[in-house]
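Notes to accompany the following structure.
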Amino acid sequence: MSSLQELPPRTLRPVLTWNGVFLGARKALVLIPGLVVFAVAFGAAASAKGLSLLEAVLMSAVVYAGVSQLVAIELWRPEWSWGAIAGLAIVTATVNARMVLQGASLQPWLAPYPRLVNALHLFFFTDANWLIGTRYHADGGRDLGVLVGAGFIIWINWVLATVPGYLLGSLVADPRRYGIDLVMPIFFATMIVPLWRGRRAAVPWIVAGIVALATAKLVEGYAFIITGALSGALVGAFRDDRA
Amino acid sequence: MTVPDPILWGALAAIAAMAVATYLCRISGVVMMGFIPLTPHVRRGLAALPGSIVVATVLPLIERLGLAAALALLAAIGSMVLRRSELLALMVGMGVVSVARALGW
């Protein structure tokens, strides 16, 4: 019942197995079709904006963060100044700032692993494997392979699917018609069910939702994830659990 | 001494800058929490964080995406309550949104 028991002590022995990697990859499979369509859409947008195939694939491979890649394509230009590059980096960091909080929420799980291991697998860290890892950890799982395997299979598909998107371009049908644009929102929303720990534990979530809605009304972009999630965490931290 | 404008390799520099910015986002939460002692307050805050991230991400998206999206997400959550299957919930949600959009909602 108590959500405190969900967080293991830092001294827990770290586990990282191939079984975990395969389990994580299998858990990610349901997301691959939607992800492929998203990557295809990115490839098409990149080719329309004049990036070379190499640049589009390279961006998918080393940035590997879909929304920020689409935003970058919006801002893409034929010639770059240092100021424009710095501006793009700042916009990218703003769009991806949610990863800071997602990483923080997993830190108690990651802490016992060697720093180099964490530095390597966090390159593959993204919304989808955060969700899969969080669910797995909330259900009592501790094998880091799940996070790694899910992140890696998503990365491979993301990079590969950029190519046909780039080459086929405008032939790609509107993903909205099949509800593909809702794959990640649906996957996020269903996470509420395994994370549910009773009504009292949901109070911070309600605060998070209200603050996020208000922020979305007032500020453009994706700041609402940060303000909402931080408010929820603060309420969770300072509520008296004994009441 | 001035740095020459990145004309020839500007696109690659832009991609590299994006990659660095994103990787810093990926690691900085984990790194920062390593310096913060896990007091009971911090533990409770961290325990509330995943659900807060999920709700804070989804609610404004529903508002932006409209009624069809809201129905799809509710249907998916309902499916998840009845059967703990992400695949089923995903299919239910996408089915509902396809029908709702075909009806012009």
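In case you wondered, yes, glycine gets a Cβ from its N, Cα and C as well.
Database features, via TrEMBL:
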type	residues	note
TRANSMEM	A:28-46	transmembrane segment
TRANSMEM	A:53-76	transmembrane segment
TRANSMEM	A:82-101	transmembrane segment
TRANSMEM	A:113-132	transmembrane segment
TRANSMEM	A:144-166	transmembrane segment
TRANSMEM	A:178-196	transmembrane segment
TRANSMEM	A:202-235	transmembrane segment
Contact ranking winner - A:28-46, A:53-76, A:82-101, A:144-166, A:202-235 against the transmembrane segment (A:178-196), Cβ under 8 Å: A:28-46
Stretch of maximal Cβ-Cβ contact with the transmembrane segment (A:82-101) [cut-off: under 8 Å; candidates A:28-46, A:144-166, A:202-235]: A:202-235
